[in-house]
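Peer 1: Input: one structure, supplied below.
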Amino acid sequence: MDHAGDAMRTDLMTITRYVLNEQSKRPESRGDFTILLSHIVLGCKFVCSAVNKAGLAKLIGLAGETNIQGEEQKKLDVLSNEVFVKALTSSGRTCILVSEEDEEATFIEPSLRGKYCVVFDPLDGSSNIDCGVSIGTIFGIYMVKDFETATLEDVLQPGKNMVAAGYCMYGSSCTLVLSTGSGVNGFTLDPSLGEYILTHPDIKIPNKGKIYSVNEGNAKNWDGPTTKYVEKCKFPTDGSSPKSLRYIGSMVADVHRTLLYGGIFLYPGDKKSPNGKLRVLYEVFPMSFLMEQAGGQAFTGKQRALDLIPTKIHERSPVFLGSYDDVEDIKALYAAQEKTA
């Protein structure tokens, strides 16, 4: 079979070329999305460089301010947020930005507006910077009907309305995972070229995995279905092997491993935090979008995660996401609890 003419050759496919290829499949496209994405990619490159130099540049210490979530901000958080706000604003393709670091949504001035809303966590897992654990940027993109009259309602949409979502992981390599609604692809930054190259084409999560990922330190406060599920992972009664526990504590790293190897990532609600800790718009939705596009599932304990309609920009929700069959197992436990309630 001759692959010479294959437009999807992974050794040559940059993220820019990939997005242009996708654009050519949509006759109605005017290139706005491509321009927006190129600005997100630029932001990721900048943050990747800053993360790599953090120790040398003395960026690691606390900036002395506290963000809307009550977390002490790291200097890198502040820098990353500024980078993405500026990159997205200067694209001329956005009208509303929602960042994990900012209390209010940012409405772009009319002369610079475009038809997209971007929700993002500029540096997820930043408490892990000091010890060298992988951290990352998470983003989701919505399209609005009329950017001139855009309101907060244009952002408070269910995740299924997103037109694209992705994350960039800053670890042993800089990896950008993206879905524009037709599958999931992974790109790795080649430092010598300064380009993201397609290294993981058409990612599909295995139907069932051997790994579960959860903070078991919260186990005493879990609800019944979560407790039963984790018990089943550790002590299966059907003769299967126990699942392995892998938990990094950086959502991007834990979800990335789950996406590639299969299994399930759990961040349940508990007695202390009934709605869990993860934010709906810029953590739960983008990761759920990617999981579904890769053939997996995402569930809140009550419904499909992408069907959730947020009422506040920093709203939180429990989430169970990963391999299709593994999420089915936890859904069955919640359904059984509903019947007995």
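In case you wondered, yes, glycine gets a Cβ from its N, Cα and C as well.
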Peer 1: Please state which member of Glu231, Glu283, Glu292 Swiss-Prot lists alongside Asp121, Asp124 for binding Mg(2+) 3.
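Peer 2: Looking through Glu231, Glu283, Glu292, the residue Swiss-Prot assigns to the Mg(2+) 3 site is Glu283.
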Peer 1: Pick from Glu100, Glu101, Glu103: which one does Swiss-Prot list with Asp121, Leu123 for the same Mg(2+) 2 site?
Peer 2: Glu100
Peer 1: Per Swiss-Prot, which one of Tyr229, Tyr267 shares the substrate site with Asp124, Gly125, Ser126, Ser127, Asn215, Tyr247, Lys277?
Peer 2: Tyr267
Peer 1: Around the Cβ of Asp121 (Mg(2+) 2 binding site), how many other Cβ atoms lie within 10 Å? Please give the count over every shown protein chain.
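Peer 2: Step by step: centre on the Cβ of Asp121 (Mg(2+) 2 binding site), count other Cβ atoms within 10 Å, giving 29.
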Peer 1: Would you count the other CB atoms within 10 A of the CB of Lys277 (substrate binding site), including those on all shown protein chains?
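Peer 2: For Lys277 (substrate binding site), the count of other Cβ atoms within 10 Å is 19.
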Peer 1: Got a sec? Which of these binding-site residues, Glu100, Glu283, has the most Cβ atoms within 10 Å?
Peer 2: Glu283
Peer 1: Provide, as an integer number of angstrom, the distance between the C-alpha atoms of Lys277 (substrate binding site) and Asp124 (Mg(2+) 3 binding site).
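Peer 2: Lys277 (substrate binding site) and Asp124 (Mg(2+) 3 binding site) have their Cα atoms 13 Å apart.
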